[in-house]
Structure formats: structure tokens, C-alpha cells
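Okay, structure first, notes after.
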Amino acid sequence: MGFLIRRLPKDSRIFRWLLILTVFSFIITSFSALFGMEKSIFRQLKIYQSIAHMLQVDTQDQQGSNYSANGRISKVGLERDIAWLELNTAVSTPSGEGKEEQKKTVKPVAKVEEAKEKVTVKPFPEVMGITNTTASTASVVERTKEKTTARPVPGVGEADGKRTTIALPSMKEDKEKATVKPSFGMKVAHANSTSKDKPKAEEPPASVKAIRPVTQAATVTEKKKLRAADFKTEPQWDFDDEYILDSSSPVSTCSESVRAKAAKSDWLRDLFLPNITLFIDKSYFNVSEWDRLEHFAPPYGFMELNYSLVEEVMSRLPPNPHQQLLLANSSSNVSTCISCAVVGNGGILNNSGMGQEIDSHDYVFRVSGAVIKGYEKDVGTKTSFYGFTAYSLVSSLQNLGHKGFKKIPQGKHIRYIHFLEAVRDYEWLKALLLDKDIRKGFLNYYGRRPRERFDEDFTMNKYLVAHPDFLRYLKNRFLKSKNLQKPYWRLYRPTTGALLLLTALHLCDRVSAYGYITEGHQKYSDHYYDKEWKRLVFYVNHDFNLEKQVWKRLHDENIMKLYQRS
């Protein structure tokens, strides 16, 4: 090498260095080939790869689910990522920020935007009958945005495609802003509902179905279905205290009636509604009523219930000629007062000797496990109305048969009042109306056919179903427990006995209550038919203290008579 350099002319330095670099490169290449090092040394020089191949290599390890079988980017994956980003932006927005923050979306990065323009749309394998097509992502996305809405944050309702804030009880200090009035004329379509429901959204085209995300799915023109789990406390609406009133029933002529006394009471004057609709039937049910009552959880409405089930049950309930059926049945024009005894199952009745006094009333109301045999001297024998929920009826027959309650009260003149507290009540009532076995999983272990619980002369004209409006009115105005402001608000409802007593106060002129909780209840067993003393346990699903206070006040204001022991 030195010899060659010395023989070169001095003015050829450029040529000399080029020769040195060439020889040096040749030597390095030769040694690399011998030891297999050419890949690592020249790997950085491979820069002429296609954009599609780079996306495949760079991304496939991180998001393999976003790719189709042939290695090209799947439109489904891109749309899922965008929906996921938009959803997380909405969820992470602090509640104190304005509505503009809730509408914020994330724009995809430039590399994804470039790739989306030339993607091949490949549907999921389970989507049958859809041919693979190549389409512009931008146009598909635009069509999709018109048909889809992002899943809202809990506490946010969807109405006509616009997001509105659902009021929660904790926001009462700003009541005007905290309540929402929906449009009842709007048909309801339930998101992610697999049940056979009434209103169905228009079927989207196959291309839209194919690209709909699986996990972070947007709903196609569907109003968000209200769920109790989305509310930390009982939701409040600006129509929460509005009810259907009845103007067709006769007016009481009794000057000492509950209505007359309530009108003179400073406490009840603005609370008591003497003409509220008590019972529901097919004439009270339509799409508008479904939309309204779907905002309230059972027994106060239809939240989370299936429209088809509710509609089938309601359509089979015969119309009630009169809501005030006792006043309508009064045959005399002479001013008389209708007296009613409402018999609870409290231990205070044990050895009370109230049986004869109870039977002296015009009508006697009994509830759930109304054991009579062996306790006639304490609770009487007469029954005019029997109130229950599906569960309280079947469980009482199951658990109290050995104590004498082997069948529900039956007779020619007995009427039944059903308080529909949950979906199982609608399933049970449907089976009763159709005279069929109840569906498996809905109280069927207590007996398959509900009609077997009634006598052979049973007709639906003897069967009354409490209107959800009426039950919500009782809860809102008389038994609004503080438990409704707690996370377990959905568990609370007034006791079945409380619902029956308040129903009697809206049907009768004079009411006497027996076997209800009073001061000093600790001295008595839970039930009058208990063979051994059992303490009354206060569970969160009922508010016995509140009921005790209400009964005491009604008694003190001479609205009703409450049986108490000194």
C-alpha cells in the first residue's frame, strides 16, 4: 500500500483517497461475508420499504386484533381505536368542566389517517353473507357518525341524539338545572337489548354492521336505556311528582271521611290526593305512558323492564269501571261512612282479642302471610281484600303452610290487590292471565302454575293491579326514606303492609289499622303467629322507623285509628 502511495503524483491526492476508501470497503465487505455480519451492518440502509408494510410490522405486535387475515389493516380495528379514544376522553373529563369538554374528541395521528384512506374493509368472520369490499374509510366514517352515538358517561341520558344531564338527588341545591324533562312522544329503543322489545331501531346497512366495534360499541340511533345501576342515588325528574288523576268516581258523602279530614289537616292538605288513579288496566297503557314510566324503577315504573312483557300483561287487564270501587258499590243514597280494618301481621296482635272488632268493619284488608286458623280471636275471620306481591304470596304459602296458611283467602266477594314490585311479578302475572306455567327462573320453584293458587270461580274482574303512579305517590309523599339518598337506594321500598294500609286510606271513609308497628314494638314478636319470640329485624329494604312515625301521626291527627298497647 505504501509503495502505491509513493508512486502517485502529488497532485492526485483526491484520487489517492478514493482508492484508499475503495480498498478499505472491499476488505471490510470480504471479512463481513466470512463471519455473516453483513445483515447487522447494513440493516440501517434498508429504508425503501412500503408504507403499508411498515404499518404491518410496527403495529401488528402491539394490536394484532386490528389486522385482517391477509395482513392488511382492518377497518374494524381502526374504528374501534377511535371510538375507544373518544370514549376515554369523555369519561376522563372532570364533572366540573363545561359541556364543551364533554364533546371533545381525539383526532387520529397522521400515519393512521394516511393508512385509513387505502384500507381494505374486512368484516368479522361471524358476519355472514357480506362480501369483502374496498372502500374509502373517510366516507364510511361519515356515514357511521350519522348513525352512531358514543356510549355516555353514567348520569348522562340520550334524547333525540343530544346529550342531557340526568339529575341526581345530591344535586337538589340546583334543582332547576338538575332535572330533565324528556320528550314522551319519542319511541324508546333499548341499547344492547337482546330481549324481544317493542320499538326497534332501523336496521343499519351491512357495511355499518361489519365495522361496528365489539367492546367499545356505539349504538345505532338508540336512546340510552335507563338503568338503576347508573345512579348513585334515586334519580329525580321534573315530572317525578306528577300523577294520573281520576275524575269519574263518585264523591264520598261521609262528613268524617279520610278525605274530609285530610282537607282540614295542615300536614295532609297539600299531600293527599283523593282522586288519584289507584289501579292500572289496559286503558291506561300506551307508548307515551311507557316512555314516561320507564324513568322510574319498579314498583314505581317500568325501568329495566321488557316492553313486550309489560304490554302483554297490561293488554289483558280488564278495565276497572270505577277507581273508587267501594263508593261505587254503595247502594244507599243515605249518608253513610264506609269502614275498613287493615290487618297487618305484627306480633302486637298476639293475645289481643281484636278479632271481633276487626270483623265488625264493612271491609277487611289482609296482607301476605295472613294466617287465620288458630288466631281467630285475635285477627278475626273476615276477608274482603288480600294484598300481596308475587314473592310474598308464594313464599308465605311455602313457609307458613305448617302454621295454617295453606291457601290464600278465597271467596266470592274477595278482591285481590297485586303490587308489582319487580320483573318476576310481571312474569308471574302473565302466567296467571294465560293460565300457563310460569317461566323457569321466575318463582317457578314455588309452584309452576299461578292460577292453581286461586279458586275455580276466579276471574280477572276480582283482580286489581296497583298503578305505578299511585305507588310512587305513596313513596314520594308519605314514605320517602333517607335510604333513597344512599348507594343502595334501589333496595328500598315501603313494606307490602304499608302499601296496603295507604291504599285503604284512599278507598275507605274510616280506617283502623291492626298489627302495624308502634312505639314499644320491641316487646312483641315479629309476627302474631310466631310460636317462639322473634325480634323484628330492620333491614335496609324497608324503613320501619319511618313507617312507625307516619302511622303515629295519622293516628294523632285522627285520620285513622292505630291499634296500640299501653
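Cβ atoms are placed via backbone N, Cα and C, with glycine included.
Here the candidates are CYS254, CYS508, and Swiss-Prot names CYS254 as the disulfide partner of CYS337. Per Swiss-Prot, the range carrying the annotation region 'Disordered' out of 138-161, 186-209 is 138-161. As annotated in Swiss-Prot, N-linked glycosylation site applies, among ASN333, ASN350, to ASN333.
Residue with the densest Cβ environment among the glycosylation sites ASN306, ASN329: ASN306, by other Cβ atoms within 10 Å.
For the glycosylation sites ASN275, ASN286, the ranking by surrounding Cβ atoms (within 10 Å, all protein chains) places ASN275 first.
Cα of ASN329 (N-linked glycosylation site) to Cα of ASN306 (N-linked glycosylation site): a distance of 36 Å.
Nearest neighbour of CYS340 (disulfide bond) by Cα distance, taken over the recorded positions CYS254, ASN275, ASN286, ASN306: CYS254.
Here the repeat '1' (247-254) is broken down by DSSP into helix, strand and coil counts: 0 helix, 0 strand, 8 coil. Distance from the CA of CYS508 (disulfide bond) to the CA of ASN306 (N-linked glycosylation site) is 35 Å. For the pair formed by CYS254 (disulfide bond) and ASN286 (N-linked glycosylation site), distance between Cα atoms is given as 36 Å, rounded to the nearest Å.
Rounded to a whole number, the distance between the Cα atoms of CYS508 (disulfide bond) and ASN275 (N-linked glycosylation site) is 13 Å.
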